[in-house]
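Visitor: Features from TrEMBL:
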- B:Asp27: active site, proton donor (ACT_SITE)
- B:Asp27, B:Asp29, B:Asp249: Mg(2+) binding site (BINDING)
- B:Asp29: active site, proton donor (ACT_SITE)
- B:Lys224: substrate binding site (BINDING)
2 protein chains.
Amino acid sequence: MTQTVAKITTPAQVEEFLAQYDDFLFDCDGVLWSGNHLLPSVVETLEFLRSRGKRLIFVTNNSTKSRKAYTSKFAKFGITVSKDEIFGSAYSSAIYLSQVLKFPKDKKVLIVGEAGMEEELAEVGIQTVGGTDPSLRKVEASDEDLANLAYDPTIGAVLCGLDFHITYLKMANALVQIQNPSTLFLATNIDSTFPTHGKLLPGAGTIVGTLVTSSGRTPVSLGKPSGAMMDSIKAKFKFDAERACMVGDRLNTDIAFGRAGGLGTLLVLTGVTKESELEGEPPVVPAYVIDKLGSLYEYLH
Amino acid sequence: MTQTVAKITTPAQVEEFLAQYDDFLFDCDGVLWSGNHLLPSVVETLEFLRSRGKRLIFVTNNSTKSRKAYTSKFAKFGITVSKDEIFGSAYSSAIYLSQVLKFPKDKKVLIVGEAGMEEELAEVGIQTVGGTDPSLRKVEASDEDLANLAYDPTIGAVLCGLDFHITYLKMANALVQIQNPSTLFLATNIDSTFPTHGKLLPGAGTIVGTLVTSSGRTPVSLGKPSGAMMDSIKAKFKFDAERACMVGDRLNTDIAFGRAGGLGTLLVLTGVTKESELEGEPPVVPAYVIDKLGSLYEYLH
């Protein structure tokens, strides 16, 4: 390990850390909460940061919820946020399709994923198919269903994210579209797992992986640690990267994302990455590490 | 390409080819049929080979059907075969578990796949869970279903194959088991796609890939081109490898499998591999290539 990691364990270290940054970008799952369980002292820490004049931006690879739906999740935990403080991978995908790709209005995006993706794409005026369509959510696909699958030239892109309702029919339909090289292939994010209920369950990368394996193609990923997502965030929030800190629980997405964007980084140990992984030679290291986000508040109070 | 491929296009070349082999191992999908469509002159070719005293062995990575169920598929096409002429990857897995691993009688195998896997394992006296169990075949898994997933120490192995009824709940349940390193992780086969209805749809490798991506583990594969499968076939049929020929439609499974086992190889162009792929530098080349299996008969009649 060629870079040193500063572990925050005292009030003085918290103050020194806070003095360096004006903007805090937070990963959510594994940092603020784990599944449906709020992590300790998170509400107090966020209120404390706001009271110190810090700006909060919640960056999440969760593609299953739109930003609007995601505010309800915060509210359920007693955290008040506005839709505009949230930057999710479904929104990032919508921005990329509409602003970067100038996706044509007469074409459709086939969604493999949940309602959040449909909602964010609809908000920027992009037509979608698939997604929550019940006709693809059946576990018993008939031989006729499979025989009838065909390339649809009105589908300009396949966007794949985490899909709790994945079926063979969905995989097969999406595969048939991306077997045509002119169909764009995008992923909201490629996290292989996500932390929930104290477990690591299959993440978007596992669903996306079914299309990668079967097609041999690699998608453009619009979630952390993709530079495309960082560029969109910077364009929207216009912060000074050196005065901003990415807070996350995962080395290969959150911390890599912050480092690549030139931001400070804080690893919390309440999610995927364990402290032992910092020993040896991890591919990327955070500038700071702390046992949990809430300790920023607890050490000072 | 350092090795030459002999293309069979004349009656004399057919006779020269046939004179070299006593045993013919056939891949099925893409060689005998494509999905539900029998390929031309296949019945005549198989009868002709039998009339010449050749032994026929049908080797398939299809894990969804047991050998017994697979005989019905042959019968539907007017091909008469006995169960013992068939060697499928579900059977290969059962042989590997019972004979090689001496899988304990008091443990269970969690199946991600179809009835063929359950049937072959039951035939060798191995207890199974999962598979066609309707409680895992639901597309709407509840939050409670996911919260309740837990490592089950009575499950000694996870065996994954092609599953037309894959669900998020199945993936998550299998993942939770193989996250424990003491749980064996086996795959019937790892073909990324399979040919059906004139298309390439997601294969066992795509389903297995969900567990590979999410767990970071690599399974032992019991299908072509695994050496474990070839060893089992040789032990059962006791043929002379030099006098046996593997016939298949796919370079990276069938032809690699035959070559690694020291057999002759014949590529047919009615399935996955296209003739153009033999140009350039493919990782493996067949000894012979023919447009379709049925041409062996047609050229002589």
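A Cβ is built for glycine as well, from the same backbone N, Cα and C atoms used for every other residue.
Could you place these features in context, so I can see how deep they sit and what lies close by?
Guide: All chains included, 27 other C-beta atoms sit within 10 angstroms of the C-beta of B:Asp27 (active site, proton donor).
In sequence order, B:Gly35, B:Thr60, B:Asn62, B:Phe194, B:Pro195, B:Thr196, B:Asp249, B:Gly271 make up the list of same-chain residues 6 or more apart from B:Asp29 (Mg(2+) binding site) whose Cβ falls under 8 Å from its Cβ.
B:Lys224 (substrate binding site) carries neither a helix nor a strand DSSP state and counts as coil.
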Visitor: Around the Mg(2+) site formed by B:Asp27, B:Asp29, B:Asp249, list the extra residues of the same chain whose Cβ is within 8 Å of the site's Cβ centroid.
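Guide: Once B:Asp27, B:Asp29, B:Asp249 are set aside, the remaining close residues are B:Cys28, B:Gly30, B:Val31, B:Leu32, B:Thr60, B:Pro195, B:Gly248, B:Arg250, B:Asp254, B:Val268, B:Gly271, B:Val272.
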Visitor: Restricting to the chain of B:Lys224 (substrate binding site) and a gap of 6 or more, list residues whose Cβ falls under 8 Å of its Cβ, or answer none.
Guide: B:Asp27, B:Val59, B:Asn61, B:Ser89, B:Asn189, B:Gly248, B:Thr253, B:Asp254, B:Ala256, B:Phe257
Visitor: Report, as a single number, how many Cβ atoms besides its own are within 10 Å of the Cβ of B:Asp249 (Mg(2+) binding site).
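Guide: 25, counting other Cβ atoms within 10 Å of B:Asp249 (Mg(2+) binding site).
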Visitor: Using DSSP and collapsing to three states, where does B:Asp27 (active site, proton donor) fall: helix, strand or coil?
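Guide: It is coil.
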